[in-house]
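Below: one structure, written as structure tokens.
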Amino acid sequence: MAAIQTALSSIFFSKYLHSLSQTPHRLRKRMLATWTSDQELNQVRLRSGADMKRKLGWYDLVALGVGGMLGVGVFVTTGPVALHHSGPSVFISYIIAGISALLSSMCYTEFSVEIPVAGGAFSYLRVTFGEFVGYFAGANILMEYVLSNAAVSRSFTEYLSCAFGGNLNSWRVEVHGFTKGFNMLDFPAVAIILLLTLCLCYRHDLFWIEKVMGISFWDCSTKESSILNFVMTIFHVVFFGFIIIAGFLKGSAKNLVNPDGLAPFGVKGVLDGAAQVYFSYIGYDSVSTMAEEISNPSKSLPVGIMGSVFIVSGLYCLMSFALCMMLPYNQIPEKASFAIAFQRMGWKWASNIVGAGASLGIVASLLVAMLGQARYLCVIGRARLVPLWLAKVHPSTGTPLNATLFLGAFTASIALFTELEIVVDMVNLCTLLLNCLFPVMEAQAMVGSPLFGGIMIIITACFHYFAPYPNQPSKWSVPFMPWPAAMSIFLNVFLMTTLKKLSLQRFGVWSCLIILFYVLYGVHSTYRAEEMGMDAGGVNPNSSAQQTKLDIQLL
């Protein structure tokens, strides 16, 4: 038996070395290889086995978008940004970031309506720019989700501590000898991540609950997760209303100008703050990953994506305004800002309520984000850029079970160690970079830096005149093209330039790692599947046997 295993290992290794020797040829064949939208909708989707179930309406999408964004950032970034960057003008930072998010969301909407698959940005970029750009974007999206979910889950612990009247680190375990920023082990954060992973999977090891409650978890799906999120989002909005009203009634307008005026750090501080609070808008793109589970994508997606950004932008501005009315900006706490602000105002009972409410809000945000990240990985698996077993959809629940479990475990392991401050800038950088790519696809024009704003206007005007926007999509399109796309590029690049140099360095290291993975694994896997005609189990993806399921019509 040992001899057989050795022989098999030797054969595998020799085949792999042969594949590596063919890397330049395979890169030339695959890096710019594209799929048509019909192939993405039909042929690629077949690799997941079962189809996802179309049960979601526009109201589900609005709730998912609002639930995904509310709590992710406003409880996490508002305090530090007001204290170190924007001062009382933090609400202006939210407005700038909100405009950038809205412009990007319009481009997301057009592509998600035309290509309603679970891959979101990965699928749109792969159809437009080819395999490598799609893969690079998809890997960065996954990193964005995993890091932001890990960081936000640690904020859950801080607000939960406030709810019970403890200090912010009372539920964490400090390990001496670990590097600062990685030395506070957060077991509640790990617990909430694993609990939500279990909720999203509905695994059969819950059979004893089925017996007691008389329900079948195998009959549950994304719709049930959406209903849970809908209930939590309604509570969350009511809770936000309490904070806003209490802040306006208890606070003072004098705190908006004392001690150093509305913008103590100047225009630069407001813009730096906008790049930081963009973290709060992460989540609207997760709505587009639900495209395969929407009953009417062409009508529901525009309302769901852009409607959620509008609602959240308004709430963020009011929340940040209320916080700055409660305390002078230089007294705003950096962590658990809203809960401690009520404490310092003398409302201890309100501080406990805010701690509990913020914790539940963060849970709702994590639920949506974890729902979206699994679907991204599922579609990347369909493309054979990662192992195909990550693309499998469970036939009963209609959910990507393997991808959900894998990313849940990975997120929990990062949440155990990593502090929020370490990942926020890097997450923002990835998000802004990806948001640049969508307007590029729409406008086919790029700007280099904010110093070239005037040149951007001239180039966009010339582009619009000499190359009118062709082939208006039949379902939904961004109005006044290419101007919204050009503005989005300009804002995203501008905000990226305000982030720290260390974030750019970390992003560079991550980029090198994912490119190395593509060269060593991804390009060979896709070459074998697409160019050599060998899909999972040696099946040709173009075979007539599989073509019987390809007549899926867009709704």
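Glycine is no exception: its Cβ is also placed from the backbone N, Cα and C atoms.
Residues or ranges marked as transmembrane segment by TrEMBL: 56-79 (among others). Proximity of distant same-chain residues to the transmembrane segment (56-79), defined by a Cβ-Cβ separation under 8 Å and at least 6 residues beyond the stretch ends, is recorded for 90, 148, 151-152, 155, 159, 222-223, 226, 229-230, 232-234, 236-237, 240, 276-277, 279-284, 286-287, 290, 293-296, 299-301, 303-305, 307-309, 311-312, 315-316, 319-320, 323, 332-338, 358, 361-365, 367-369, 371-372, 420, 424.
Marked as transmembrane segment by TrEMBL: 91-111 (among others).
Sequence-distant neighbours of the transmembrane segment (123-143) (same chain, 6+ residues past either end, Cβ-Cβ under 8 Å): 30-37, 40, 111-112, 115, 117, 285, 373, 376-377, 379-380, 383, 385, 407, 426, 430, 433-434, 437-438, 441, 510-511, 514-515, 517-518, 522, 526. Residues or ranges marked as transmembrane segment in TrEMBL: 123-143 (among others).
Look at TrEMBL and you will find 187-206 (among others) tagged as transmembrane segment.
Positions annotated as transmembrane segment by TrEMBL: 227-249 (among others).
For 305-329 (among others), the entry in TrEMBL reads transmembrane segment. Counting only same-chain residues 6+ beyond the ends of the transmembrane segment (305-329), those with a CB under 8 A from a CB of the stretch are 58, 61-62, 64-66, 68-70, 73-74, 78-79, 82-83, 87-88, 90-91, 93-95, 98, 101-102, 105-106, 108-109, 112, 237, 240, 243-244, 246-248, 250-253, 255-256, 258-260, 264, 277, 280-281, 284, 287-288, 337-338, 341-342, 344-345.
Beyond its flanks by at least six residues, the transmembrane segment (349-371) meets 64-65, 67-72, 75, 145, 148-149, 152-153, 155-156, 159-165, 192-193, 196-197, 199-200, 222, 225, 228-229, 232-233, 235-236, 239, 242-243, 246, 282-283, 286, 289-290, 336, 338-340, 342-343, 404, 407-408, 411 of its own chain at Cβ-Cβ distances under 8 Å. Taken from TrEMBL, the feature transmembrane segment applies to 349-371 (among others).
Look at TrEMBL and you will find 405-434 (among others) tagged as transmembrane segment.
Positions annotated as transmembrane segment by TrEMBL: 446-466 (among others).
Residues or ranges marked as transmembrane segment in TrEMBL: 478-495 (among others).
Same-chain residues lying 6 or more positions outside the transmembrane segment (507-524) and placing a CB less than 8 Å from one of its CB atoms are 19-20, 22-23, 26-27, 30-31, 132, 135-136, 139-140, 143, 384-386, 426, 429-430. As annotated by TrEMBL, transmembrane segment applies to 507-524 (among others).
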